[in-house]
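> One structure is given below, represented as structure tokens, and several questions about it will come after.
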Amino acid sequence: MSADGLSEAGGKGVAEVSAGGMASGAASHALSADAPKEPVAPDAASGARSSCVSGSVPVRGALAARRLDPRVSVAILVLLNAIAFSPNTMGAHFAMVGLCAVVCVWCGRAASAARWCAVYVAVTAVGYLSLLAPSSAAASFAVILVVVRCVFCIGMFASNMIATTRVGELACALQRVHLPRHAIIALCVALRFFPTMAAEFTSVVEAMRVRGVPLNARMVVTQPVRVMENLLVPVMSRLAIVADELGNAATVRGMDSSRPRTSYYDLRLRAMDWLMLAAFGVVAAFLLGVRMGWWLA
């Protein structure tokens, strides 16, 4: 083989090794998003220790300094799922959306809270207007919007939890409540899977745009098979690989070890955690009472 052929083959081998390293490193990076981005200087050691106690770590690109304890977030999510399809009491549902908005604003995500509230108002308004139209199609569309409104708070609170909770914090919190090890691994992988799924959708859409295949509402209606072929098939195949990589990354990080796991974070329940848990609990108790017939809405 000539020298040019050897150099070309060597270049291809290096490119394949680099691509494999990037693919296998993506899952490890997704699960290691809670690790410090840079070492803390020796003269700042005392500040780092005090910030660990308060629940915030002084690292570049850190998440919101104010956020709910993961144990409280999981408990609130369980309550929201329990009351998702409770009787239609507008006041209680608006109170739930308001509480979720308060949590988002307190975590420093006011813009996200405003967008979620605007979407909820739009969904509610369109749902009630659809009931006024004398047609079965409008009634079916209104039923779909009612279902969306019932599960709206779950999506709103879960998105804030995913955006403000590190994997290490969630694992530490779940271990403290003595959750089974396999359940902790599943929840930690799921916490990083959804942001990765959104990134994969964005990458495929950008690739379609580069190839001159637009993705718009007209194409979805007129050419649904082509949309599935160009968008959903690549995304689903890629997500299967990402899920396997995330599981392998969790195993490499020792999450399946039988020994007690140490944590970089010192989680403590604060006043806001107790306040939000009590507020959501009161509204949830009211909706459950309406469902059980203990009192009228």
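Every residue, even glycine, has its Cβ placed from backbone N, Cα and C.
Nobody curates TrEMBL annotations by hand; they come from automatic prediction.
In case it helps, TrEMBL gives these features for our protein:
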REGION    33-55  region 'Disordered'
TRANSMEM  113-131  transmembrane segment
TRANSMEM  137-158  transmembrane segment
TRANSMEM  274-296  transmembrane segment
> Where else in the chain does the transmembrane segment (113-131) make close Cβ contacts, counting only residues six or more beyond its ends and a cut-off under 8 Å?
97, 100-101, 104-105, 138-139, 141-142, 145-146, 148-149, 152, 156, 159
> Are there residues at least six beyond either end of the transmembrane segment (274-296) with Cβ under 8 Å to its Cβ atoms? List them, or say none.
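Long-range Cβ neighbours of the transmembrane segment (274-296): 68, 72, 75-76, 79-80, 82-83, 86-87, 89, 92, 95-96, 99, 102-103.
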> Any residues 6+ beyond the ends of the transmembrane segment (137-158) with a Cβ under 8 Å from its own?
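Result: 73, 76-77, 80-81, 84-85, 88, 93, 96-97, 100-101, 103-104, 116, 119-120, 123-124, 126-128, 130-131.
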